[in-house]
Amino acid sequence: MEKFEVVEGKVDWKGRPAFKHKHGGTRSSLLILVAFGFENMATFALAVNLITYFNTVMHFELADAANQLTNYMGAGYILSILMAVLADTFLGRFKTVIISGCLEFLALILLMIQAHYPKLKPQPCNMFDKQAHCEIVGGGNAAFLYVALYTLAIGSAGIKAALPSHGADQFDEKDPKEALQMSSFFNQLLLGVCGGGAASLTLIVWIQDYKGWDWGLGISSAAIFFGVVIFTAGLPLYRMHIVSESSAIVQILQVYVAAIRNRNLVLPEDSADLYEIERDKEASVEEDFLPHRNIYRFLDKAAIQQTPCGQVETPEVSSPWKLCRVTQVENAKVILSMVPIFCCTIVMTLCLAQLQTFSIQQGLTMDTKLTNSFHIPPASLVIIPVSFIILIVPIYDKLFVPFARKLTGISTGITHLQRVGVGLVLSSISMAVAALMEAKRKGVARDHNMLDATPVLQPLPISTFWLSFQFFIFGIADLFTYVGLLEFFYSEAPKSLKSVSTCFLWSSMALGYFLSTIVVKIVNSATKGITRNGGWLIGNNINRNHLNLFYWLLSILSFINFCIYVSVAKRYKYRNHK
């Protein structure tokens, strides 16, 4: 009977075989979604409001504050690769989530302590006063800040690397019913992000701006604590991924090293002559078998088993850096085929970084009045696309996908790559709208002789809600691209590469954030001699900057990137999942 069916390749928390009726499924994934929501509640506000903290509390100049934020965000995403290796080879995904959550809790406590005690931060100073000489955080206080900040980045990386993959582990993609549930899980994952983000962008951002950063960081600490507790409560229900003896990333590197070392060998005419373990050994070594494909043939040289004298060498004594099995080579081919898709998504995060930095600073100069007695923090504007996503995800999942499935015959409604493409187009449109809104904002400042007005204290007579258009459009792009990418990378990767594959998304975002730092510096350097400020984005007075031109540049780059993506996506061949 089905209720006694063992889930292949999964165990329970005691290492016993996992059963479908008892472990995994939507019940256990719900706890994971709630935990992810609390984690995002703890950290989402920092992603959009830290630039204000760096600028007004730690006294970095605006462009430097933006770069500090994007460097922190980039580190949190790029470190997810290392955390995925730890999850797959040493700790397991469950333990990685627990340890990472504890690191985030510790880091937030440290940041709260620094925000509370005056001796641990620079003296208060008005960064918008040209006559003021504000002291930038330095010495031991700077070290305290960076240790706490990058401990938080490590914890965040572990959550990103292990938690989505652990959630997907709760479903068997070989079971048609559970495969659909897994697709819904990835949509609901975004819903969890947005649910936690909504609380973070409203409650925590408001507290940070109006009650103090120490209080805001304290509430963030409580949120991550509850998230870890809720996640741990599901331990008896989870299907656990079996920890591998070797890292999938190391195995891929072995393929490239072996292919280079064997570059002078001649490929056999029959691919059956390439090295592969015998199928009757599958149960003992718990390995998958992938069929050979005639793509990236240069990697096949890693599986040529030949000694210098022409005799077949014994695989047992051959170095794994000299001889790899066909399945191992095919895994490397799968990852290599994803690289062009991966590269085309970096520019989208470059655009996202501007909404988290410069757009927030735009909002600080505008009228933030919501009612006569209540002002909305500019960083809370992100609640607009977040709220829309909360509404649209159930509609997309329950109405659009079934309708599109009937038309296309595709289980997910549209292909993963089509979904990504829609988001890339929208990101270009979002930047164009941002450029138009910035031109309008600067026009108001010019018309009212307020180009040198002090942000917050002297708001421009234009509502900050004008910025909601760019956030709204990019929110839709998020729904399509980032969730589409997460599902694409997970579904296309072989079983041994699941955690690594989801890191493709996080790595793409990391490179986008780092690219933002580089692009800002290049733009300022290139425009140094043609603007009065010494660059498009130089200085703390955003009214005197040329942010609208920077947004137009990003819109054009995004459109060119989309055109390249279309060409790449047409050439991609989906993996056979049978």
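In case you wondered, yes, glycine gets a Cβ from its N, Cα and C as well.
Keep in mind the model is a prediction, meaning the values are calculated, not measured.
Taken verbatim from TrEMBL:
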- 30-54: transmembrane segment (TRANSMEM)
- 74-91: transmembrane segment (TRANSMEM)
- 98-117: transmembrane segment (TRANSMEM)
- 143-163: transmembrane segment (TRANSMEM)
- 184-207: transmembrane segment (TRANSMEM)
- 219-238: transmembrane segment (TRANSMEM)
- 334-355: transmembrane segment (TRANSMEM)
- 375-396: transmembrane segment (TRANSMEM)
- 417-437: transmembrane segment (TRANSMEM)
- 465-490: transmembrane segment (TRANSMEM)
- 502-523: transmembrane segment (TRANSMEM)
- 549-568: transmembrane segment (TRANSMEM)
Quick check for me: are there 3+ Cβ pairs below 8 Å between the transmembrane segment (74-91) and the transmembrane segment (143-163), leaving out pairs under 6 residues apart?
yes
Same-chain residue ranges lying at least 6 outside the transmembrane segment (143-163) that approach it to Cβ under 8 Å:
32, 35-36, 39, 43, 46, 58, 72, 75-84, 86-87, 93-94, 96-97, 99-108, 110-111, 114, 120, 137, 231, 499, 502-503, 506
Could you tell me whether the transmembrane segment (549-568) and the transmembrane segment (184-207) have 3+ CB pairs under 8 A, leaving out pairs under 6 positions apart?
no
Segment proximity, the transmembrane segment (30-54) to the transmembrane segment (219-238), 3 or more C-beta pairs under 8 Å:
yes
Are there at least 3 C-beta pairs under 8 angstroms linking the transmembrane segment (98-117) and the transmembrane segment (334-355), leaving out pairs fewer than 6 apart in sequence?
no
Considering only the recorded stretches 30-54, 417-437, 502-523, 549-568, state which has the highest number of Cβ pairs under 8 Å to the transmembrane segment (98-117).
30-54
The transmembrane segment (417-437) touching the transmembrane segment (549-568) per 3+ Cβ pairs under 8 Å rule
yes
Beyond the flanks of the transmembrane segment (30-54) by at least 6 residues, Cβ under 8 Å
60, 62, 64-66, 68-69, 72-73, 97, 101, 104, 108, 115, 152, 156, 159, 163-164, 166-167, 170, 185, 188-189, 191-193, 195-197, 199-201, 204-205, 208-209, 213, 216, 220-221, 223-224, 226-228, 230-231, 233-234, 237, 356-357, 360-361, 364, 377, 379, 382
